[in-house]
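Enquirer: The domain 'Major facilitator superfamily (MFS) profile' feature in TrEMBL is assigned to 14-441. Positions annotated as transmembrane segment by TrEMBL: 16-35, 57-76, 88-106, 112-132, 144-165, 171-190, 253-274, 286-309, 316-336, 356-375, 387-407, 419-437.
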Amino acid sequence: MEDISVNEESRQWPQFVVVLTSLLLAVSSGVQYGWPSFATPKLLDKGLQFNISEEEVSYIIMIHPLGYILSGPISAFLQDTIGRKHTLLMLIVPQISAWLLIALSTNIRSIYLSRLISGSSEGCVFAILPVYICEISEPKIRGILGVSFSTAVVLGFLLITAYGTYMPLRVSAYVSISFPLLFFVVFIWMPESPYYLILKDNIDDARSSLKKLRKMKNVEDELFRIKEDIQRQTGASNSIKDVFTARNSRRALLILMGLRTLQQFSGGASVFYYNQVIFKQTGSPLYPIASMIFFATLALVSLSSLFFVDKYGRRFLLLISTSSTAVVLLIEALYFTFQYDNFDTTKVQSLPIAGLILYTIVRGIGLFSIPTLMSGELFSPRHKAKAIGILNIYIAICVSGTSKLFHYLKSGFGMHVPFYFFVFATSFGVLFVYFCVPETKGKTLEEIQQKLRGTVD
């Protein structure tokens with residue numbers, strides 16, 4: 001009979017290894033997400049050997065997040081049907097296809113289709129990978145592992161900006177195919193989520209998965225706890241209607257919709273997509289390298305936030321991040337107001353670049369990464385796939401809407417106007433975080449559900 005120590009403790013390094021390999025897909029998604037940032041000036045300069053107008057570029061940017069709408073029902077169906085792991089592995093197909101469409105493009109329609117496909121793939125990654133990470137992680141390290149997802153996405157931004165800036169668009173597309181291929185090679189050996197396996201009543205495989213993740217011979221206590229948690233949460237029906245009628249899922253959805261609204265209406269994708277356009281308008285001599293500094297700073301801050309999120313908590317960091325973001329956006333708005341009114345800004349033309357770099361710092365400590373972490377924490381296992389699918393559709397509308405709104409306000413009224421809009425929205429966001437967002441630090445997934453149901457304080 002196997003000798004099992006009653007004092008056996010889990011080891012955390014296997015969870016870090018599994019998450020690090022899975023994050024290669026997040027890096028790949030970040031490369032796709034960040035492509036317009038460096039590509040926009042090249043597209044306008046016939047970088048693909050055919051003419052593309054500024055209006056068409058705005059649609060290239062807007063179409064990408066609309067792919068999230070397609071990904072919503074797809075990701076919800078696949079992750080509950082074939083599992084988190086196998087769905088993630090399948091996503092290399094649309095990612096590679098999207099890059100090939102750019103590399104081989106002969107007209108604007110190919111670029112539109114590429115961005116729609118990459119947006120659909122990215123939407124699936126954002127829906128499934130945070131769930132996978134939260135479900136394989138122990139509560140005491142779930143924060144650091146969950147936030148690492150956003151850090152990996154930012155690393156993708158930085159990489160595509162670094163090599164894409166100095167390569168032809170077609171060459172950079174071929175180079176980018178290496179990321180999903182590398183992910184497939186290493187992640188195929190990783191275990192499935194034990195939560196998913198128990199949902200499918202596959203107890204033996206769930207036990208095996210937990211043993212690999214915890215490096216323990218005896219995982220029966222945790223296995224029993226997860227089974228009890230899932231049975232408690234899955235007693236009711238599992239329709240889309242239940243996402244809105246079950247108190248815990250409805251509250252989780254409203255909180256996350258609020259956080260995602262705040263994330264995008266505080267600049268979000270608009271600043272990321274148009275950062276080179278913004279930097280160019282400043283007239284600063286730092287403009288050519290400012291975009292790389294921008295993403296490098298965000299990567300470093302996102303990395304450092306790994307060490308704060310489980311120490312200070314999600315809610316506190318969100319409050320600091322959101323309020324600071326509002327102040328920095330106001331500084332940017334004032335600068336572009338003076339520039340628009342023809343004041344001499346040559347002596348302070350590097351101020352908006354410094355401001356946007358500070359913007360990445362204050363967003364990076366909370367507003368950039370914590371909403372993604374909490375999307376994996378707040379929903380119950382029973383409703384998680386459908387709820388995140390609905391949330392992804394909402395994110396698509398927010399990202400597309402704010403990106404197009406930024407272009408419209410900038411073109412029609414001046415660069416300062418969209419920044420004032422972001423200041424206004426972010427100020428309301430501070431109140432939302434203070435009154436509506438719960439703390440999840442150190443809690444098990446079941447304890448979070450009890451709090452959302454109102455059965456515990």
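Cβ coordinates are placed from backbone N, Cα and C, and glycine is handled just like the others.
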Enquirer: Six or more residues beyond either end and a Cβ under 8 Å away: which residues meet both conditions relative to the transmembrane segment (356-375)?
Expert: 126, 130-131, 134, 143, 146-147, 149-151, 154, 255-256, 259-260, 262-263, 266-267, 271, 275, 278-279, 290, 293-295, 297-298, 301-302, 304-305, 308-309, 314, 317-322, 324-325, 328-329, 332, 388, 391, 440
Enquirer: Return yes if the transmembrane segment (144-165) and the transmembrane segment (286-309) have at least 3 CB pairs under 8 Å (sequence gap of 6 or more), otherwise no.
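Expert: The answer is yes, given that the two segments have at least 3 Cβ pairs within the 8 Å cut-off.
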Enquirer: Rank 16-35, 57-76, 112-132, 253-274 by Cβ pairs under 8 Å to the transmembrane segment (171-190) and hand me the top one.
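Expert: Of the candidates 16-35, 57-76, 112-132, 253-274, 16-35 scores highest.
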Enquirer: Would the transmembrane segment (16-35) and the transmembrane segment (316-336) count as touching if the test is at least 3 Cβ pairs under 8 Å, pairs 6 or more apart?
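Expert: Taking Cβ pairs at least 6 residues apart, the transmembrane segment (316-336) and the transmembrane segment (16-35) are not in contact, as fewer than 3 fall under 8 Å.
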Enquirer: Check for me, if you would, whether the transmembrane segment (316-336) reaches the transmembrane segment (112-132) - at least 3 Cβ pairs under 8 Å, residues 6 or more apart in sequence.
Expert: no
Enquirer: When you scan the chain for residues with a C-beta under 8 Å from the transmembrane segment (112-132), skipping those not six or more beyond its ends, what do you find?
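Expert: Contacts of the transmembrane segment (112-132) (Cβ under 8 Å, skipping residues fewer than 6 from its ends): 22, 25-26, 29, 32-33, 35, 59-60, 63-72, 74-76, 78-79, 84-85, 87-88, 91, 94-95, 97-99, 101-102, 105, 146, 149, 193, 372-373, 375-376, 384-385, 388-389, 391-392, 395-396.
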Enquirer: Out of 57-76, 387-407, 419-437, what stretch is closest in contact terms to the transmembrane segment (253-274), meaning most Cβ pairs under 8 angstroms?
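Expert: Ranking 57-76, 387-407, 419-437 by Cβ pairs under 8 Å to the transmembrane segment (253-274) puts 387-407 first.
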